[in-house]
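Notes to accompany the following structure.
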Amino acid sequence: MAVPARTCGASWPGPVRTARPWPGRGPRPCPDPRGPASGPARPLLLLLPPLLLLPLLTAPGASAYSFPQQHTMQHWARRLEQEIDGVMRIFGGVQQLREIYKDNRNLFEVQENEPQKLVEKVAGDIESLLDRKVQALKRLADAAENFQKAHRWQDNIKEEDIMYYDAKADAELDDPESEDMERGSKTSALRLDFIEDPNFKNKVNYSYTAVQIPTDIYKGSTVILNELNWTEALENVFIENRRQDPTLLWQVFGSATGVTRYYPATPWRAPKKIDLYDVRRRPWYIQGASSPKDMVIIVDVSGSVSGLTLKLMKTSVCEMLDTLSDDDYVNVASFNEKAQPVSCFTHLVQANVRNKKVFKEAVQGMVAKGTTGYKAGFEYAFDQLQNSNITRANCNKMIMMFTDGGEDRVQDVFEKYNWPNRTVRVFTFSVGQHNYDVTPLQWMACTNKGYYFEIPSIGAIRINTQEYLDVLGRPMVLAGKDAKQVQWTNVYEDALGLGLVVTGTLPVFNLTQDGPGEKKNQLILGVMGIDVALNDIKRLTPNYTLGANGYVFAIDLNGYVLLHPNLKPQTTNFREPVTLDFLDAELEDENKEEIRRSMIDGDKGHKQIRTLVKSLDERYIDEVIRNYTWVPIRSTNYSLGLVLPPYSTYYLQANLSDQILQVKLPISKLKDFEFLLPSSFESEGHVFIAPREYCKDLNASDNNTEFLKNFIELMEKVTPDSKQCNNFLLHNLILDTGITQQLVERVWRDQDLNTYSLLAVFAATDGGITRVFPNKAAEDWTENPEPFNASFYRRSLDNHGYIFKPPHQDSLLRPLELENDTVGVLVSTAVELSLGRRTLRPAVVGVKLDLEAWAEKFKVLASNRTHQDQPQKCGPSSHCEMDCEVNNEDLLCVLIDDGGFLVLSNQNHQWDQVGRFFSEVDANLMLALYNNSFYTRKESYDYQAACAPQPPGNLGAAPRGVFVPTIADFLNLAWWTSAAAWSLFQQLLYGLIYHSWFQADPAEAEGSPETRESSCVMKQTQYYFGSVNASYNAIIDCGNCSRLFHAQRLTNTNLLFVVAEKPLCSQCEAGRLLQKETHSDGPEQCELVQRPRYRRGPHICFDYNATEDTSDCGRGASFPPSLGVLVSLQLLLLLGLPPRPQPQVHSFAASRHL
């Protein structure tokens, strides 16, 4: 990026300046005020109070001053470095804290983290956890198959014959419009009592199972009642499973009929709108019910497909896409005389969330025109499936065709591409109400091992876009025991409130024989699932021995993370899994791509890499060294990794002496414990303790004062070696309490902070202690009480020297308006401890600078004052250099941190901008610093962000969702007997039932969490120091408006010292660099699919079985017209029944949530 050059009208007195380093203009600067070297330099702060008493120099005129020479500014930089270093040496207490640790060497041991042993142990623990769930799954699946095989079908079964707990009963009883209220309460409905269980985050009943039946399925049908009858026997198996493994969470059987039976019983979490949950559309069910798919969807957009039929097709395609998972590949094309893709994707792409979003948006743009050309559509689809040069599922291959009907059977196309092996299944969908002969569509499906469906109206879409899974399940069922393999899902949001979970799935087969010929049944009964909460897996990983910047992560075969500290979705969608790629969870580079590939391949490995990491507050980038170690988790598709910085190879473990442990008194009686009591804060400083799980009975609280109170109360009852407490955490906390108290005693208490313009001094430790001195400074302490979650703590560990952290500009008040409050800048540094040959960083210490006072001191330190208090004399006959104090109207002097945020300025009007990105303060100068490589930037995407919902468009004149007849239609007798009339009535019927499919509930839009925020992508930009380390002079070239500037890194800090001429005119304004997070559509998906990330599909595939019976290949799904209903609706319309609000097809996907 080049610095933009512009010519301005203003003139500049003096010589023309060029864009090159210069020896300086005017006289040399004052002699080095440090004098001869006579010992270590003292902090200049000791000299500042008398300097501040001197009268300010009066500028004798612009002609008397020149821009400072380079070595003058280097001298100022050295003064700043010495001042910072001197203050930190006196108050930071780094050396003193080292001595304190060594003096207390008998109170702790140094333990080593051995990456290979650690990762193998954790992988083994996770394997054991999941294996227990696998055994429970197998018991359930075997029992279900046996129960169903022994069940005798009952044609005359009635609702009152079946007793079960309807999970939605409580919600339906509260809803006067519910199905049960309309038909009256049933004696078959059990009423249960529930108890709160924190493991389920819900009220549960351990004696019963609960049943959930989708709203669009009649629970009194013979099929459903028989299903309820035989699945009741699963209750005892669920209970026995829990007896054998009390850690089991939800055990679920999802039936192919749509019935869900789960244990333990709990009321269904039904939304305020209509409940459209269907287990068959859940990610875990889809994965368990069939093998991966390569699917091409072709949509007839000929001229006959228009209005309602086209809208039904668009909705159907979107629903079909929702039945696909990340193991599947898909493309969508429209056809008339020619076929073309609806989106920018020219080949099969992975059916992930972002790709499906592209398809769904593109489908809405389809327009009907031309004539029907089945041949073009099918040839395009077969060519897509035969393309072997792309990544794909390489398992089930299928074509899904949506049309309103036609006569052509395109037999020649099938003969060319698919016969005789018939490796591609063809599913045909007749959409809308029409009078076309459907025989050709049925023939296409039946001769290509597929199925024919009818979608006459909106109510038939959901069921008919998911039942193809039954056909795909046939080879799996016929494979028998070979297909009985447990699969583990991606991470997704549990529908019953557990949070993020993974689910182990196992298909359940129908073992009955069909008819007297003893032909084997080939239908899948359903899928058995057992949930495992991510929190339960996290508990198996080491939390605090890895240090603040060490962590464990796990990924699956798609490269999606199962565990990762950055897996923190702010919103979740029940319909989609949570898919965060490892390369999106971290900042991507080539080394991480290699690690990811090796993990997906199931290899072991270790690699030390230099990489970039984003700070916890997402404002900074650090270049760090990390050690990655990884192993596969056996019997699963997961791989586990461990990340350690070199300084976390060792950690401290408190070793409270036998004498202390032998005193069987509460912990509160220990000597060091008294320094946790609030009564000691006034003299010893305020103590924040990390809200960790020290003991099982400790009540958590977001308020640290409340948490400390709970902790102290519990410690009154607990001995140091109590079995209910985590001794490692508890002992380390007490150890660090005593060590930080000694820092107060040896260093802080005897120092006068006000003399050095300090608001506070502090220390934070790995053991979870943050001590802030003096006590009153705690009132303005805003850092996280958990050091591992505090940005200053983690950044200090990763960097050498002093790390400045200005306050975030959103929380900053104008200093001149401050009354009793003051604004501070944190300066922190890690304490590196060497014990023998072992080095570690167990703590971070620092100070909090008074911003207003230090802004004044900054000006003096960057001035031409001498130690002899002799200001430089300038007059008409002599020249001297400008400085940051006297010439602040002409000279801009700033300290900027490594993220580009303003820390200090010599401009009083900029004090309220401290903490802002410098481009917002001086865009021209920041761009020059970037162009001259003082800064570089990193752009990335946050795929887990939450955004406010977009205001709905065209509310006043939304397009109609259904055909509305005109007066002429009502007067035309032929119209009343046409298919169009019946289609309208069917739409109205379904509109009465499924109104929420088309139109969002106004009440929900006002207050529901689902409508307040939605998942979105945010683009993030962070800046960090570039390759320039030396002192550097440059010019911002803008003709007569050009500006000179000097920039230099301050040694042992994260600061850049910049001195520049203030801009003379505004015409030189350049483009502004942006740092603020912005809403984005993410990277261009059309480009990303051309270079897909490496992945592997499941190891098993069941797409063919020679014994498969394909004769069952199609049926209509519309219900026959009822003369009574038809006549009634006609009368109501003729009598002027007020119309319901028109349903909006375009909001169908947005207004319902599974």
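Any Cβ shown, glycine's included, is placed from N, Cα and C.
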Range annotated as transmembrane segment - as stated in Swiss-Prot, picked from 46-66, 1054-1074, 1117-1137: 1117-1137
Among N543, N637, N703, residue with annotation N-linked glycosylation site (source: Swiss-Prot): N543
N-linked glycosylation site according to Swiss-Prot, picked from N229, N627, N1105: N627
Listed as N-linked glycosylation site by Swiss-Prot, one of N421, N789, N820: N421
Annotated residue, N-linked glycosylation site, per Swiss-Prot; candidates N389, N699: N389
Swiss-Prot annotation (region 'Disordered') - matching range among 1-37, 149-185, 556-592: 1-37
Cβ-centroid neighbours of divalent metal cation site D300, S302, S304, 8 Å, sequence order: V301, G303, V305, N336, A368, G370, T371, T372, T403, D404, G406
Local confidence of the topological domain 'Extracellular' (19-1116) - pLDDT mean: 85
Distant-in-sequence Cβ neighbours of S302 (divalent metal cation binding site), under 8 Å, six or more positions away: N336, A368, K369, G370, T371, T372, G373
Spatial neighbours of S304 (divalent metal cation binding site) that are distant in sequence (at least 6 apart) but have CB under 8 A: A368, T372, D404
Proximal but sequence-remote residues of the same chain as D300 (divalent metal cation binding site) (Cβ under 8 Å, at least 6 apart): M313, S334, F335, N336, T372, G377, M401, F402, T403, D404, G406
